[in-house]
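Heads up, the thing below is written out as structure tokens.
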Amino acid sequence: MITKEAFDWVYKDPFTAASCLIARLMNDMTTHKFEQERGHVASTIECYVKQYSVSKQQAYDEFNKQIVNAWNEINQGFLVPTSMPILILIRVLNLTRVVDIIYKENDEYTHVGKVMKDNIASLLIDLFEQERGHVASAIECYVKQYSVSKQQAYDEFNKQIANAWKDINQGFLRPTSMPVPILTGVLNLTRVVDIIYKENDEYTHVGKVMKDNIASLLIDPVPV
């Protein structure tokens, strides 16, 4: 249940203000030409150009900077302690992601094109893996882009995974302003992923590895 405190937070916190800024600027940057042709009121682009006597390109550059800063504000919202339920933060984040997809290159809301169709298809239609007609995975993309075998792709990805583990280990060895519980949460999530996908897809096809780990964590008595 959403409390009054949560509604007050939505209207006052920089986190939601950043989301609104991204939506407003990205919408105006991709739609203002079409809206001007239809005789709409001036957008933020025209207002900024007139107020500061700059070119439209300079207005675009400034707004892109503000969008980057707003994304930094949203990212910070997940890193600092807050009394708000995480589900509220995620809702704001997901809405901002949708806006980013819709207005990243074109106005995919007014003129639905390939980007929007592909995203809707991947979300609602393409439900199965490769043998059932799913979209290409990172393996297929790498093989096609670099003209290598699947084994070479696997070898390269394993190298990248090993390097990523080194980065995580280094994160615990060097000084940081981030609370250790945040680092530990990321580490534990990565450990879970490692267990699930180390040998097989234990998420889709639960086998002995997953069952044994769940049993040892939640069922089996802890030795004293």
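Just so it is clear, glycine is given a Cβ too, placed from its N, Cα and C backbone atoms.
Listed in TrEMBL for this protein:
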- 2-73: domain 'Terpene synthase metal-binding' (DOMAIN)
- 128-167: domain 'Terpene synthase metal-binding' (DOMAIN)
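Residue counts of the domain 'Terpene synthase metal-binding' (2-73) by helix, strand and coil are 60 helix, 0 strand, 12 coil (DSSP-based).
Taking the domain 'Terpene synthase metal-binding' (128-167) as a whole, pLDDT averages 81 in the prediction.
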